Amino acid sequence: MQAKLTHNKRERSQIGGGTANIQELSKFEENAAELTREDRDHSCGEGNARVRGQAGLLSERRGSYPVIDFRLLNTTAHSGEIGTKKRVKRLLSFQRYFHASRLLRGIVPQTCLHLLDEDYLGQARHMLSKVGRWNFDIFLFDRLTNGNSLVTLLCHLFNLHGLIHHFQLDMVKLHRFLVMIQEDYHSQNPYHNAVHAADVTQAMHCYLKEPKLSRFLSPLDIMLGLMAAAAHDVDHPGVNQPFLIKTKHHLANLYQNISVLENHHWRSTVGMLRESGLLAHLPVESIQDVEQQLGSLILATDISRQNEFLARMKTHSDNRDLSLEDADHKHFILQIALKCADICNPCRVWNMSKQWSEKVCEEFYRQGDLEQRFQFEVSPLCNQQNDTIPSIQIGFMSYIVEPLFMEWSRFTENTPLTITMMSHLRKNKARWRGLLLKQHNSEDNSAQMNEDKSRTSQEVEHQ
Ligand SMILES: [Zn+2]
């Protein structure tokens, strides 16, 4: 059956208003937004330049790995004399090549599930039979699939939702596309790797099943939602946008400091989609529509645009004027669903939520170390000494996660899934608060002990 695709040419990611309450921005948003806010203010009201000009849409060459250019870091005016020649040479030579090469990074296609022990496969298959449950353990699934959680999960979900049949997809091409996506995530990133992508995809699958949304979704909407979730962070360099801007990275220049990473994720996805030929049998207009909608969804994950989306969502909920029969409204809810899936870690059960928190902080601290090493100002949240995991998490939950999920629960009208997520969110926050208190107490105690010690030694000296 020839697939039917709708041909919507709207500039879908244009969000009205732009009246974000900047005063309420926490340093979390500032971290991501500080270098882009001005640009954004200019771009909000004039149509979305980011997704315009689809006729001339350029994809990025696959594997255009955004390596951090240490030469630029080393010659920045305010960096001064840093690092020895030997060290720079080392960074520029093998190590740099090591990180840039997918093969040397140890990422070789390992999608041959038949190489796995039958027992592991059986367990992975059993897990997939419960893929719609919120307590799905993606870390265990990744181990059971020998690091192929993203490919295995996506193949299963495409089949489950009938997408392969509906769009007459070639299984070999689908597999090739998914392997390319999985390989282009950087396994050395503690957080932004293929397991995070698989986790977001599993969450997206759960959200697409929400009754308020699911009855309006076409096969195209489902395919776009899953694809965007799988590819939304592809080729992430493990540092944030402000870092790329201040180190004058070529991607920052290419995308003029606007949604630099998200644009790169999108254009890389388009490149892989074309290279795999997955949709080559569809009409050109349909392919263009898929590429544009993927862009609009992936660009929505830019955390510096959080208030923009939140304001529109609030207005819709207050006015009760969301109509999912309207294609624009439906696309907006898909954007919100993807945003929720992307930051749903604090809504997971504690032992998984905690692992994600540790991983994301490890990535922040690595950036902080790099900034320190090259004498840049350390970015907010990236200073291991001052920014502890509990304090980062409590801030993240209060200023980013809770406001978005409050709106999501208003939309879904408290389904069992929403109730479960909100309950985890509350409990997890209480646990981080407990840990923060413990940490403060132990700091107070050690300060008191140091004070007592110095007083005792002074007394001894006086005797
Ligand atoms: Zn993400």
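Cβ from N, Cα, C; glycine included.
TrEMBL entries are annotated by machine, without manual review.
Look at TrEMBL and you will find His192 tagged as active site, proton donor. Long-range Cβ neighbours of His192 (active site, proton donor) (same chain, at least 6 residues apart, Cβ-Cβ under 8 Å): Tyr185, His186, Asp233, His236, Gly238, Glu363.
Under the DSSP three-state reduction, Gln393 (AMP binding site) is assigned to helix. The feature AMP binding site is assigned by TrEMBL to His192, Asn193, Ala194, Val195, His196, Asp233, Asp342, Gln393.
Mapped onto three states, the DSSP output places His232 (Zn(2+) 1 binding site) in coil. Residues or ranges marked as Zn(2+) 1 binding site in TrEMBL: His196, His232, Asp233, Asp342.
Of all Cβ atoms in the shown protein chains, 24 besides its own fall within 10 Å of the Cβ of Asp233 (AMP binding site). Look at TrEMBL and you will find Asp233 tagged as Zn(2+) 2 binding site.
Here TrEMBL flags 1-10 as compositional bias 'Basic residues'.
For 450-463, the entry in TrEMBL reads compositional bias 'Basic and acidic residues'.
Look at TrEMBL and you will find 116-439 tagged as domain 'PDEase'.
Marked as region 'Disordered' by TrEMBL: 1-21 (among others).
The region 'Disordered' annotation in TrEMBL covers 443-463 (among others).
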Going by DSSP, is Asn193 (AMP binding site) sitting in a helix, a strand, or coil? coil
Centre the Cβ atoms of His196, His232, Asp233, Asp342, go out 8 Å, and tell me which other residues of that chain have a Cβ in range of the Zn(2+) 1 site. His192, Ala197, Val200, Ala229, His236, Thr301
Could you measure the widest C-alpha to C-alpha distance across His192, Asn193, Ala194, Val195, His196, Asp233, Asp342, Gln393, the residues recorded as binding AMP, and give it to a whole number of angstrom? 22
Its Cβ having more other Cβ atoms within 10 Å than any other among the binding-site residues Asn193, Gln393, the winner is Gln393
Express the distance between the Cα positions of Ala194 (AMP binding site) and His232 (Zn(2+) 1 binding site) as a whole number of Å. 10
Are there residues of the same chain, six or more positions away from Asp342 (AMP binding site), whose CB falls under 8 angstroms from its CB, and which are they? Val200, His232, Thr301
